[in-house]
Amino acid sequence: MTLRNFIAAAAVALGVFAAGAAVNVVPRPVSVEEHDGQFTLTSKTSIGYAEGLEEYAMYLDSILLQSTGYELPVVAGTSKAAIALSIDSAAVGASEGYRLEVGRKRITVVGADRGGLFYGLQTLLQLFPEQIHSDRPARNVEWNAPCVSIFDAPERPWRGMMLDVARYFHDVDYVKHYIDMMAMYKLNKLQFHMIDDSGWRMESKKYPRLTEVGAYAGTGPSRLGGYYTQDQIRDIIEYGRLRNVEIIPEIEFPAHILSAVVAYPWLSCTGLQHELPRQHFISRDLLCVGKESSMKFLFDILDETVELFPSKYINIGGDEAVYDRWKECPDCQALLKREGLSKASELQGWLTDTVARMMADRGRTVIGWEEIITRGDVSTPVVALIWHNVADSVFASSKGHQAILTPATHMYLDFPESSTPGEIKAAGWMPPISLEKAYSMPVNDYSDSSSVIGVQGCLWSDQFIHGTVLQELPQLDENRSEAYVDYLTFPRLLAVAEVAWDKESRRSWPDFRRRVMTHFGRLDAMGAAYRVPEPSITSMKELPSGEWEFVLEPSIEGSEIRYTTDGTYPTVHSALYKGGKVVAPSRSDFHAVTVHGRRVSLPTYFAPDYSRYERYGAIAGQWQPLQVQTVATPWNIDVIGKISGNGSYEITFIPEKGGDIHFGRLKLMKRDEQLADVDGDYTVKPGQTATYRFDVDAFEAGTPFTVVVERNGVGSNETSGLVFIRKL
Ligand code: ACM
Ligand code: ZN
């Protein structure tokens, strides 16, 4: 530990901080040299800009006006200004890079290009006290930044986030907030997921029903959804341009396009009329590739997209198609024969190649989910978003394509951060993704020959599509959708940003964690409704007495830790942690929460030890005396994430206490669809088990699965027990 880190750690332990003293930039710059002294911003500080860069000076000026209240002079030219903005690609040397010099009297920000200059400004803002990001003047703040020399440049050109506005429509203001947050952390590509089964969000002049009909679920004043006009889209693109965030439109096909089929039923193979779904649903209806009319529609829409979006890349989606409709469609089958293909799935490769060539003619490159390169041959170079396995980027490069890593295991921020009871409901088809896990995402874990251009986080909305009222967030005292999306996005967006920006060999979780601790105040000032992290445990051990000993550390600079040792959840009135060791009778009796202003985190939590039941699989539920009635009643057990694919499963009920309990018929439901129905008639008591077996053959990621079992207590309602599930 360096002296500086030691002082920082000691300050954390004492809960005191010297404002603006430390350099805690996220993502971590390539090199930071700290010097003595500081720069003090006053109402006289001038901002000067080299030719053509006035908009960056005005951007900085407007941010500083909001937070400091100072109307700083903005001047053309850099020689006389206190803060001087310029571009010199030779002096910086790396695309999107910058050099930032903060002296006692003068600050120079030199970008390699416009993006680099913008990033120099972001780093500069992160050197000032956190209130610098506030949208209203902060009082009693000394606007000091430490003197430093920073050189910085990204390791990867693609640093993205995907926002799913198709399943949940966000208004323009929220999209701009998302862009601001991405820009603050130097993310430069927003994949704008505007099209999906449950909504079409891009105005089309040629096909107006796409938004008149396809943008709304239901009819009348209570209909849900919305869309962006072309003017609004141009506004979003311009907002992103200044902030070095390129807006990449995603036009999904051949699947995930039911919203267009609802508007124009002739686009599909069957021509049947459908409705927009209100819950997670992947339609089997594909765009019919065998009909001239639907291909003309596709080309028209892509042309309109190219006209509207200046981005180098056009995303064509391409994920999760099942080909039943193409197999049954005479037009699609005729096309398959004409093209000499053998399987319906190869039509997707043909479609991707056709569109990729069309886009190449217009100077654009096609990008899409990994399926665009794995379903039939594609000879035109494209970019694949690898969402299953990062090693598949090697396959992409072996076929002459490029890849972006967005593995669901680490980069899907629609999964919650934890499985602690009380965590918000979010995607459950895979384990939670903690901040640390997101930060641990492997990037170099593939062959040297792969051509990975970057990393991307994804925020899907299929678990809270626009027909569904979002759940309340007790932690935030909010039930608004934007707070929910912010909760899932922050602080993990910071991990996405650093994984994308920095070399993997330089990554250090303790260092990242320490810097992130200081960013929550910045997120507050930016109006980002983040998830409050639980306190960290720096050490814990079992004592000879069988008790457990814990040492803790706050996870937010300046926050309090409150804790309990009796198995209850702490409140703001529980014991205040003042450093040192805390002893609890058992590990699972210990709980601690972060108290940050008026917000309280979920508790640091240790699940009870079920290792003695390991052979029965993973814990899926438990019952308590008061939940069991003497008449047989259906009991719903949420098995999202436990049903992880097609195959055979075993579910076992294990009474732990009390008298007999009876289990009868058992069903497995995929949302409302019954997948299995198993007869049963078990009366069991502690020491006995009841096991059912069933098969799953229609697994779908993202869909909730529930086991429903008839249950009643026989002779005693003092029963309690556990449920385990296992894939065979
Ligand atoms: C995806 O998650 N369907 C790309
Ligand atoms: Zn067809």
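In case you wondered, yes, glycine gets a Cβ from its N, Cα and C as well.
Predicted automatically and left uncurated, TrEMBL annotations should be read as such.
The structure displayed is predicted, hence computed values, not measured ones.
Marked as active site, proton donor by TrEMBL: GLU320. In the three-state DSSP assignment, the secondary structure recorded for GLU320 (active site, proton donor) is coil. Cβ-based neighbour count (10 Å, all protein chains) for GLU320 (active site, proton donor) stands at 15.
Taken from TrEMBL, the feature domain 'Beta-hexosaminidase bacterial type N-terminal' covers 23-152.
The annotation domain 'Glycoside hydrolase family 20 catalytic' is assigned in TrEMBL to 157-503.
Mean pLDDT of the predicted structure over the domain 'GH29D-like beta-sandwich' (552-597): 95. What TrEMBL records for 552-597 is domain 'GH29D-like beta-sandwich'.
Taken from TrEMBL, the feature signal peptide covers 1-21.
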